[in-house]
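Notes to accompany the following structure.
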Amino acid sequence: MTKQIITLVGRPNVGKSTLFNRLSIRKKAIVHDLPGVTRDRKYTDGKIGSFEFLLIDTPGLDENPNSMGERLIEQTTKAILEADLICFMVDGRSGILPDDKLLSSFVRKYNKPAILVVNKCEKAFDFDKEYYKLGFDSMIAISAEHGTGLIDLYDEIIAKLPEEESIKTNIADPIKGDCLQIVVSGRPNAGKSTFINALINDERLLTGPEAGITRESIEIDWQYKNNHIKLIDTAGLRKKSTITESLEKLSASDTINSIKFANTVILMIDALAPLKQQDLNIASHVVHEGRSIVIVVNKWDLVKESEKEAFQEEFYYQINTHLPQVKGIPVLFISAINKQNIEQVLDACLKIYKIWNKKITTSKLNEWLNFTTEAHLLPLQKGGRRVRVKYMTQTKTRPPTFKLFSNNPEKITDSYTRYLVNNMREAFDMPGVPIRFIYVKTKNPYV
């Protein structure tokens, strides 16, 4: 089957070549010597996850398209016309510049599927209104240099491209033929490396009683029940002693980046160490990144039988109290050193990964929405008009994300959103995964 084509467009110095090399199957992008291709337009075979495509890098355009050199316009125009999808790149550090606005207009007139890719976002990034003014309905923040955000970019690319059979197959069965990336995270000395060694029946990872033996993230390719799995052992996350507990201050940035690229995160808890705020910070970070999560309490064999029931009751209470936004997180109690219940952890990961990839038809969504909103109406506003959520559709998976159309979305309270999300979990059997709602105002506020 002919590969689909993705074209990178943007002004100079926004990181097109860096992303081009990052996505290239080869470590260094090689220009294809194709007939009729000049040296100004570079081609390479690209890959994200299991999806392969042809990638085009275009010359940087930094002037008004009406006065640009004819050759640059010609090269970029040809690359746009060839494309099945355009990644329009801007620099997240410098923000939106006049050239970005001019170029976005130049690109949009071709009516090609497009994603706004905000590069150089090494830290958490919020899109302000200037980015929306560029006119793209899909926006992703990445760091091409560090490789962060590529899973989100992959999701948007799959959502935007025409649904070829090969892509449909990957979405319908997200595990077979794909690589499930499982990050094992937690505080130091919780037993992460011991757990992975027990799974693969091999002393691949150095273990011991000293906290912090693992100094960097280590990847292991593995097969489980005919599924290709990449297990990633991470350095234990601990707070810097001189800083507050805020999530941004967590040390071990390599571990934080591994979580960004994970499909599922196993949060390992030491049964002999009380549940701490740091554990909850890690779990909250996983949820904030939109990843699926499984909580594993290790060293369960060392807890007295007479204390286990009370331990579990208190543990579930703490998780449900501090992580109400993801009700139903799988929690398993294991002994890694004795290989007790360890396969149950992988089974839970496979199950929640499928939920994380769940796609619901628009008709079923709106049938549920009508019933749920009628059962619990939003209050009347001034003038006697009632706020209503009229329609919804699923815009992406990983995590399940939904766009809801309302006559007055700013009046929808957080408590009402929680009501909808919790109801959706039950109705569509979606425990333990982040569910995201995006509210959009309908053009006519009176309907």
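Using the three backbone atoms N, Cα and C, a Cβ is placed for every residue, glycine included.
The GTP 1 binding site annotation in Swiss-Prot covers 10-17, 57-61, 119-122.
According to Swiss-Prot, the GTP 2 binding site annotation covers 186-193, 233-237, 298-301. According to DSSP, Trp300 (GTP 2 binding site) sits within a helical segment. Neighbour list (Trp300 (GTP 2 binding site), Cβ cut-off 8 Å, at least 6 residues apart, same chain): Ala271, Lys308, Phe333, Ile334, Ser335, Gln340, Asn341.
Per Swiss-Prot, the feature domain 'EngA-type G 1' maps to 4-165.
For 180-357, the entry in Swiss-Prot reads domain 'EngA-type G 2'.
DSSP assignment over the domain 'KH-like' (358-443) gives 35 helix, 22 strand, 29 coil. According to Swiss-Prot, the domain 'KH-like' annotation covers 358-443.
Take the binding-site residues Asn13, Thr58, Asn189, Thr234: by the count of other Cβ atoms within 10 Å of each Cβ, the lowest one is Asn13.
In terms of C-alpha distance, the listed binding-site residues Lys16, Thr58, Cys121 place Cys121 closest to Thr234 (GTP 2 binding site). Geometry remark: Asn13 (GTP 1 binding site) versus Gly186 (GTP 2 binding site), CA distance 38 Å. For the pair formed by Lys16 (GTP 1 binding site) and Gly186 (GTP 2 binding site), distance between Cα atoms is given as 35 Å, rounded to the nearest Å.
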